[in-house]
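Asker: Sequence annotations record features per position, and here TrEMBL assigns NAD(+) binding site to B:Tyr122, B:Gln186, B:Asn209. Residues or ranges marked as substrate binding site in TrEMBL: B:Ser232, B:Gln254, B:His257, B:His323, B:Asp356, B:Glu410, B:His415. Residues or ranges marked as Zn(2+) binding site in TrEMBL: B:Gln254, B:His257, B:Asp356, B:His415. Summarising the annotation, TrEMBL assigns active site, proton acceptor to B:Glu322, B:His323.
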There are 2 protein chains.
Amino acid sequence: MRIIKANEFKLAREVEYGTPEQNKTVSDILERVRTEGDAAVLRFTESFDKVKLEAGQLRVTEQEITAAYDRVEPRFIEALRRAAANIRSFHEKQKRNSWMDVQPDGTTLGQIIRPLRRVGLYVPGGKAAYPSSVLMNAIPAQVAGVPEIVMVTPASTGGKEGIDPYILVAAAEAGIREMYRVGGAQAVAALAYGTETIPPVDKIVGPGNIYVALAKRYVYGVVDIDSIAGPSEILVLADDSADPSYIAADLLSQAEHDEMASAILVTTSRPLAEAVLAEVETQLATLPRKEIAEKSIRERGAILLADSEVEAVATSNRLAPEHLELLVREPFGWLGRIENAGAIFLGPYSSEPVGDYFAGPNHILPTNGTARFSSPLSVDDFLKKSSVIHYSKEALLRDGEDIMTLAKHEGLDAHARAIQVRLEKEGERT
Amino acid sequence: MRIIKANEFKLAREVEYGTPEQNKTVSDILERVRTEGDAAVLRFTESFDKVKLEAGQLRVTEQEITAAYDRVEPRFIEALRRAAANIRSFHEKQKRNSWMDVQPDGTTLGQIIRPLRRVGLYVPGGKAAYPSSVLMNAIPAQVAGVPEIVMVTPASTGGKEGIDPYILVAAAEAGIREMYRVGGAQAVAALAYGTETIPPVDKIVGPGNIYVALAKRYVYGVVDIDSIAGPSEILVLADDSADPSYIAADLLSQAEHDEMASAILVTTSRPLAEAVLAEVETQLATLPRKEIAEKSIRERGAILLADSEVEAVATSNRLAPEHLELLVREPFGWLGRIENAGAIFLGPYSSEPVGDYFAGPNHILPTNGTARFSSPLSVDDFLKKSSVIHYSKEALLRDGEDIMTLAKHEGLDAHARAIQVRLEKEGERT
């Protein structure tokens, strides 16, 4: 980690397309599951997850879910429930109403908003099985009113004992009752195309490894998908009022995620920059995930010195961070100038983990600079809209000629005739 | 076109991925433009569009826009302006406010909604250069508040005379002042990566041929894209109160778009089915685009007989049509049962072209059955959201332990420490 000039810094951005071999593997798996259903799902589960199942064992039973509650400490369940309540409460505020615009001439135009019917949530196995991500994916769908939310997770998630009980509890707390032990590209295929045991969904959300990400890319169009997440990022925008130990701790909490994670401080204060640099070294020394955090900090971390507040804000807007912390004297005064950021954390007590786990806003955020055009996961992502058009006879007689003029110019005569046949008949009748 | 049982009908759905050769061509073009900028754009324009330009000629001049107005008949401009006003008025109703939830303990959570900064609109050349589509793409972006909307269209759009004046007028009416004569995958590349002459955008919208569609797929992630449009579709749901000549005209207006277009009637009335079948033949005979419409009607058209209203609605929901007409006695009474449809047209005077050109709702709609999870193009597509999280000291002291419990379970100790360092310091200070 070095102190460098803000305007000289560039962040490497890569969109991950996978190798040709990975793409081939994924498209083969998809095709097998599409044509062979359960049989292919079971075969891939045996070969990749080393778990031999029959079709009847794919679905997680009610007993397993109940048993999971006994394996999780009550302190965890309480914290999870409070987090879930906050997440639910925040997302309730995102709900939208259908609307109609009823005009005096009898014309009615509107927009009907409805939940998707069935959504699949992918939960990765191993160390990436995060209960918090289960809540963050499932609760917006539940608040949107999606009647069927189904979870898939590799059979090997919790090792030989079956699926991680913390994941089962988080899913149950988020209202999910339909869960299958299947992972990888075969799980994405099962959700997209359906099998004898797993009915198809309308949308697939949730993170996964490169095979899962490629599979989601392939099935997009057959079903909807969420955005493909890149490495996690934090940008701290701080003035000399900020506590260097808070900044260092927050940068490291990002860095421990992943060697590819970026942790960046932007400040106009050189003393702060130097204090944070020292604090990062001190705190890094005793971190359990030191190895990951250190690689991330050394290779992708940076402390950027800006000549002015204006340059500091411009740098942040240019980098469009996933997480942005405003550790400045009057953070709300800066808000209007922030153009691109997934989530904005204001002031010294709004450390990123507050948002990652608990406050209520979603922690699934646009990565890789996509905050320029993308948004946090929200209730909107589980809703669809239909336009409504009701024209009155009066309106059609008034507008018919204009419509025909436009249609004829585009060479679409049958469009014009669909209006004309009505004008002629209705003209006769009146 | 045949009369068949509704529950036996299946619609062929294909997601278009292009041939390996087409993919190779597109990725080569993208890479060239990314690394060589204008030089590559000009070279591809010469080889594909047969137009030799210099970089200084890429941008359409103010004089050309002014001259275009003289080449378009006033009657067309008037109709276009009335359509634009309706489209603007409908989309104004889609605007959304940022919101904040200020809690008694000082915690503030919220969602900030902002327009994208710069959007590129692709307009195809030749016969597919539709002024109506220019309005439908540009106006929602304009209503969203996007400050920079830029149009690209092939240099050959209007033949040797330059860009189609109708397209220039439509773009100018929609408030676009920045336009470039470049098309194909090279235009998508220029918009995504930027060149010396064309600054990069945050999102690319608008229809195009297979090369344009593939290029958009590739650059997704670097920029946002709209959905890739499939062939157009109409489904008419009618009872015996409907006028067969209206239905036939509306089916044909869809069929003339494209040989791949689908026009489908679903009804419980056999006499109506037979009357529509006869009417389609009669009207088809005199259509200027008879050849296209006939192929579409014969190969992709169908009249489906349902045993009951319930089955008729279920069939429509299953097919999830882009356009749905309810030509029934009390169309508003059916609305609640319609689950999947891009746009719903109610009653005899709401012929599809009313919505295609004029009423105000967007004509860019989910195709290929994607109305199950996708929505009409709207102001939402040009907005992005940022979450806002401001925790008070009081709130952090209250929730800190819960947050640490959740973080530690996930093995993310640096997350827990970012909270702990604050609890320790703030504990001291109070």
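Every residue number used here counts from 1 along the chain in the order it is shown.
The backbone N, Cα and C atoms fix where each Cβ goes, glycine too.
Since we're looking at a predicted model, the values are computed, not measured.
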Asker: Given binding-site residues B:Tyr122, B:Ser232, B:His323, which are under 8 Å from chain A when comparing Cβ atoms?
Answerer: none
Asker: Determine the Cβ neighbour count for B:Gln254 (substrate binding site): the number of other Cβ atoms within 10 Å of its Cβ.
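Answerer: Excluding its own Cβ, B:Gln254 (substrate binding site) sees 33 Cβ atoms within 10 Å.
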Asker: Say you check the Cα of B:Gln186 (NAD(+) binding site) against those of the binding-site residues B:Ser232, B:His323, B:Glu410; which is nearest?
Answerer: B:Ser232
Asker: How many Å lie between the Cα of B:Asn209 (NAD(+) binding site) and the Cα of B:His257 (substrate binding site)?
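Answerer: Given the Cα positions, B:Asn209 (NAD(+) binding site) is 14 Å from B:His257 (substrate binding site).
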Asker: Taking the mean position of the Cβ atoms of B:Tyr122, B:Gln186, B:Asn209 as the NAD(+) site, which residues outside that list, in the same chain, have a Cβ no more than 8 Å away, listed in sequence order?
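Answerer: Near the NAD(+) site, beyond B:Tyr122, B:Gln186, B:Asn209, sit B:Pro124, B:Val152, B:Pro154, B:Gly183, B:Gly184, B:Ala185, B:Ala187, B:Val188, B:Gly208, B:Tyr211, B:Val212, B:Ala215.
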Asker: If I restrict to non-local contacts, at least six residues apart, and a C-beta distance under 8 angstroms, what lies near B:His415 (substrate binding site) in its own chain?
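Answerer: When sequence neighbours closer than 6 are ignored, B:His415 (substrate binding site) has B:Ile403, B:Ala407 within Cβ distance under 8 Å.
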Asker: Let me make sure I understand the structure: which of the recorded positions listed (B:Glu322, B:Asp356, B:Glu410) has the fewest other Cβ atoms within 10 A of its Cβ?
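Answerer: So among B:Glu322, B:Asp356, B:Glu410, the recorded positions given, the one with the fewest Cβ atoms within 10 Å is B:Glu410.
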Asker: Among B:Tyr122, B:Gln186, B:Asn209, which the record lists as binding NAD(+), how far apart in Å are the two most distant Cα atoms?
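Answerer: Taking every pair of listed residues, the largest Cα separation comes to 13 Å.
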Asker: Once the DSSP letters are reduced so that anything not helix or strand counts as coil, what is B:Glu322 (active site, proton acceptor)?
Answerer: coil
Asker: Can you see whether DSSP assigns B:Gln186 (NAD(+) binding site) to helix, strand or coil?
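Answerer: DSSP call for B:Gln186 (NAD(+) binding site): helix.
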Asker: Round to the nearest Å and give the CA-to-CA distance linking B:Tyr122 (NAD(+) binding site) with B:Asp356 (substrate binding site).
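Answerer: One finds 19 Å between the Cα atoms of these residues.
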Asker: Drop a 10 Å sphere on every Cβ of the binding-site residues B:Gln186, B:Asn209, B:Ser232 and tell me which sphere holds the fewest other Cβ atoms.
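Answerer: Relative to the other binding-site residues in B:Gln186, B:Asn209, B:Ser232, B:Asn209 has the fewest Cβ atoms within 10 Å.
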Asker: For the binding-site residues B:His257, B:His323, which one has the sparsest Cβ surroundings, going by other Cβ atoms within 10 Å?
Answerer: B:His257
